[in-house]
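Peer 1: Please read through the structure below; I'll follow up with questions.
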Amino acid sequence: MNKEWVQVTKRSMLNESRQIDRAVKLIGLGARLQVLEGETELSYERLLKLYKEVAGKSPPKGQLPFSTDWFLTWQPNIHASLFMNIFNYLQKTSLLDDGELLIKTYELYSEQMAHLELDPLLSVTRAWRLMKFMHSNQLAMNTCKVCSGRFITDLYENPKYFVCGMCKPPARAGKGQASGSLQLQ
Ligand SMILES: [Zn+2]
């Protein structure tokens, strides 16, 4: 056998096992099939088979309904902002690619939620959509002038006057709850 060919084969097998490993991790975190298609190079058929094996059921059908609006509503915004703070930190301090960053950040976010005994409002599929919205500049981040935390905002937010949803919860929101225990600095 040709030496070069063996090396190429070895390399592609290694890559394939990485791809499978990534897909399995994402399925384990509850990702929809569209996320797997976006973040691995495996074929649709392959992913479908993996999904059924790992999740023990067929993936839910249909489009992802999420627009940028969800990320700007009060409590989801706090969760999504926490996610993006962790994501940006890891991106600056590691060489992970987007798929790996998504997995690592989502794991850390989930750990944080478990620690605070809060429901993780942000699903991994929504986290993936958020990552895409940030990359395509459909959402921005601004610093709260009261607490200095970094929060997700729409593009037209005036950074000079921005106050976050934790410092200024909507009038009807119960005090304490999700807001009191999360720190986004
Ligand atoms: Zn604030």
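Glycine is no exception: its Cβ is also placed from the backbone N, Cα and C atoms.
No curator has checked TrEMBL annotations; they are predicted automatically.
Copying in the features that TrEMBL gives for the protein in this structure:
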BINDING   Cys144, Cys147, Cys164, Cys167  Zn(2+) binding site
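How about a rundown of where these features are and what they're close to?
Peer 2: Cys147 (Zn(2+) binding site) falls within neither a helix nor a strand when secondary structure is assigned with DSSP, and so counts as coil.
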Peer 1: Output the one of Cys144, Cys164, Cys167 that, of all these binding-site residues, has the highest number of other Cβ atoms within 10 Å of its Cβ.
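Peer 2: Selected residue: Cys164.
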